[in-house]
Amino acid sequence: LIRVLANLLILQLSYAQKSSELVIGGDECNINEHRFLAALYDVWSGDFLCGGTLIHPEWVLTAAHCDRYRLSIKLGMHNKNVQFDDEQSRYPKKKYFFRCR
């Protein structure tokens, strides 16, 4: 019985890895459809960290785990692999943390 379950688990995992679509049945959004979306990058490595929301011309709201010593915030991105003319990059001057209790 354990061998059968192990084989079923391996079969299921190997099938799941073959899927090439990230979102099943999804469509690519239009350019500037989500213009309040911000992408946060680590300045030193250039790695994508997480997303945020532009809630004011000078404020981006993110989750607490997005904190790094030096961040780059990119706005106006449609595809992170393609650079567009209206993309903007900013560096935060201050960071604020609010604890929910």
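A Cβ is built for glycine as well, from the same backbone N, Cα and C atoms used for every other residue.
Pulled from Swiss-Prot, these are the features on record:
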SIGNAL    1-16  signal peptide
DOMAIN    23-101  domain 'Peptidase S1'
DISULFID  CYS50-CYS66  disulfide bond
ACT_SITE  HIS65  active site, charge relay system
**OP:** Determine how many residues of the domain 'Peptidase S1' (23-101) DSSP places in helix, in strand and in coil.
**Re:** 3 helix, 28 strand, 48 coil
Original post:
Around HIS65 (active site, charge relay system), how many other CB atoms lie within 10 A of its CB?
Top reply: 8
Original post:
Once near-sequence residues are set aside, which residues in the chain of CYS66 (disulfide bond), 6 or more away, have Cβ atoms under 8 Å from its Cβ?
Top reply: LEU40, LEU49, CYS50, GLY52
Original post:
To what whole number does the mean pLDDT across the domain 'Peptidase S1' (23-101) round?
Top reply: 79
**OP:** For CYS50 (disulfide bond), list the number of other Cβ atoms lying within 10 Å of its Cβ atom.
**Re:** 15
